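Below is one structure; the comments refer to it alone.
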């Protein structure tokens, strides 16, 4: 199985909302090696070898990683503006929903791949969506995000052990309080 976390490369983006996918994978591993246009780490979950992938293209070109990787057994983890901070949503497939990284992946492999959407919304009305996803989380949001990242890593382990259907039933109804 391959787990791909979406984000933008570089220190400038490391704490931005758009880099939630990278943050989840960094929680699973802190040892990364260079691939052709990605970083990877091999981990073990319940005896199964899992390859973690962080594309080193910018978000809008995330699909290019599939020039080098198989795509028959993957999960993609990424930020979702339409979900509130404190929620994740596991899906077997679907559209891009306006997310350019997912749009890029769909252009390479189609939309039939499992994903974990990580809520980063709601976006304030007076901020452009592109500016919002490239902004850093606040200190208060990071406290919630830490719990969400833990929930995502737990969900990935659960998918490996029990399958996507059981994981959807277990995790899609969980909401971590933001205190708002």
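Glycine is no exception: its Cβ is also placed from the backbone N, Cα and C atoms.
Since we're looking at a predicted model, the values are computed, not measured.
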What does Swiss-Prot list, out of 37, 93, 100, as binding the same tRNA as 13, 58, 60? 100
Quick tally, other C-beta within 10 angstroms, 13, 79, 100; top of the recorded positions is 79
Compare the C-alpha of residue 58 (tRNA binding site) with the C-alpha of each of the recorded positions 8, 18, 79, and give the closest one. 8
Residues flanking the tRNA site, with Cβ no more than 8 Å from the Cβ centroid of 13, 58, 60, 100 and excluding those residues themselves: 8, 18, 57, 59, 61, 62, 101
Applying a 10 Å Cβ distance cut-off over all chains shown, what neighbour count does residue 8 (site 'Discriminates between blocked and unblocked aminoacyl-tRNA') have? 22
Judged by the number of other CB atoms within 10 angstroms, which among 58, 60 is the least packed of the binding-site residues? 60
Proximal but sequence-remote residues of the same chain as residue 18 (active site, proton acceptor) (Cβ under 8 Å, at least 6 apart): 6, 7, 8, 59, 79, 133, 134
